[in-house]
Amino acid sequence: EIQGADSRSFLELLFNGCILFGLEFSYAMETAYVTPVLLQMGLPDQLYGMVWFISPILGFLLQPLLGAWSDRCTSRFGRRRPFILVLAVGALLGLSLMLNGKDIGSALSDTENNHKWGIILTVCGVVLMDFSADSADNPSHAYMMDVCSPVDQDRGLNIHALLAGLGGGFGYVVGGIHWDKTSFGKAVGGQLRVIYVFTSVVLTIATVLTLVSIPERPLKSSNRKKKVMKSPSLPLPPSPPFFFEDNVNENSASNNSANLHASFTSPAKRRCGTWHCSCKQYSATFTLNQFCTRERYSEILIGCFSLLSGWLSFEGMLLFYTDFMGEVVFQGNPKAPHNSDEYQKYNTGVTMGCWGMCIYAFSAAFYSAMLEKLEERFSTRTLYFVAYLAFGLGTGLATLSRNVYVLLSLCATYGILFATLCTLPLAPPHSVAVSPQFVGSQAEGTRRGMGVDISLLSCQYFLAQILVALAMGPLTAAVGSASSAIMGLCTPGTAAVGLASGKKGLRWLC
């Protein structure tokens, strides 16, 4: 049962999504500085792509389990908040190792030419930070959906995407400042120390604001004693009798299927304000047999592949953009002596890359704020098509140009895809999860949890990270250029445009 029957205020939704601001702020620091820091410590080119391999493997395997666990959590603090707290602490610990690994290694036994412990600690910090931050995303979304009415959930998703974009934007702003040249930076101990202080404070405050934003209703422990947990693969109780009429026939079922297809492809405005009516119709028309047809499974697979293509393209660009700016655009060398011009050029390029990522993050925030209005005018499939097309053009032109201002302006196209991937895919599991026929009787308190559904969607993100980690290192070593590596992994973004325009490609996502 949805806990938030009353309409939530804007301030409640804002505080509820603050964790996304803190996580994206931290993630901005990670993506901007991990690769340069590891390369400067002497990590071989063939291995730095593998740094991102362990975390998505853990996420891909454990995320559905964490989602199911949170659905059945009986803590007196609620189902989602304990997981958010633990994962936020894990992200903070990983951040500490990631940004201070070199200094800790030097305190142990590392020398100027041998950073063995520094590399190990930094890699461990990256794994812990990446896994915790990515995993905390799902209980935060499920938390909002649990405590909000369906009318507020659209607003909540857009606010989450807005805060995520703003968090990343401000994170890249902090990372783009030369703190070494300021009195504050000199007092704290350098660029990485300043970044660590800012990120720790922001993540801590954001986590606290989210945890106190909206109270959760604890799940009764008796629900855990059920021998059978409601699942779409198990027999479900019949829907309430007033959903159906006695004279339902095959023709009406066929018409209902057509109406269902229209609801997936038409503009999304009918979701707002008419949820109770549409939910009843959805329960009556969307039977389990319709969901399990071969055609439906085909649409789901193609939709997942489209989502995977988007994340694969985006991650290939995001993780190595600052290194691309430092090595290719500014012609720097991260392994050159620290007092050389090549090393300084590389650091300048990394800083400029942070400003590019800042533009991307703010464009994501701006576009996510517009999505609610755009959904009223355009179908979800059209919005997907525009996002993939914009990203494909942006990355294609970026690999052909070496002009700094052109590259910075193209970063705005990346935010369109990010906002789309973070917001629109969450609609299908919500639509299915609120259907009483699909999840069973709410009176029993066994509503199939949102955590599992969102976790299954997140598997596409983790799988994309795995593929990037496997391919990026060998590809960069073979080609010798981060530019070629980025272009090779961003090509699926343009290929997804053709997929998005197909008849079935995005029907499940839409």
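Each Cβ is built from the backbone N, Cα and C atoms, and glycine gets one as well.
If you look at the transmembrane segment (12-29), the same-chain residues 6 or more away from its ends with a CB under 8 A from one of its CBs are 84, 88, 91, 95, 99, 129, 133, 136-137, 140, 143-144, 147-148, 152, 155-156, 159-172, 174-175, 195, 199, 202-207, 209-210, 212-214, 357, 361. TrEMBL lists 12-29 (among others) with the feature transmembrane segment.
If you look up TrEMBL, you'll see 49-70 (among others) marked as transmembrane segment.
Sequence annotations record features per position, and here TrEMBL assigns transmembrane segment to 82-99 (among others).
Marked as transmembrane segment by TrEMBL: 119-136 (among others).
Summarising the annotation, TrEMBL assigns transmembrane segment to 157-174 (among others). Sequence-distant contacts of the transmembrane segment (157-174), counting only residues of its own chain at least 6 positions beyond either end whose CB sits under 8 Å from a CB of the stretch, comprise 10, 13-14, 16-18, 20-29, 32, 140-141, 144, 194-195, 198-199, 202, 206, 354-355, 357-358, 360-369, 371-372, 415, 418-419, 422-423, 426.
The annotation transmembrane segment is assigned in TrEMBL to 194-214 (among others).
Annotation source TrEMBL lists transmembrane segment at 300-321 (among others).
For 350-370 (among others), the entry in TrEMBL reads transmembrane segment.
According to TrEMBL, the transmembrane segment annotation covers 382-400 (among others).
Annotation source TrEMBL lists transmembrane segment at 406-427 (among others).
The transmembrane segment annotation in TrEMBL covers 454-472 (among others).
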Need a quick answer: max count of Cβ pairs under 8 Å to the transmembrane segment (194-214), which of 49-70, 82-99, 119-136 is it?
82-99
When counting Cβ pairs under 8 Å to the transmembrane segment (119-136), the leader among 49-70, 82-99, 350-370, 406-427:
82-99
Sequence-remote partners of the transmembrane segment (350-370) [C-beta within less than 8 Å, at least six residues beyond its ends]:
24, 28, 31-33, 36, 158, 161-173, 175-176, 178, 318, 321-326, 329-330, 404, 407-409, 411-416, 418-420, 422-423
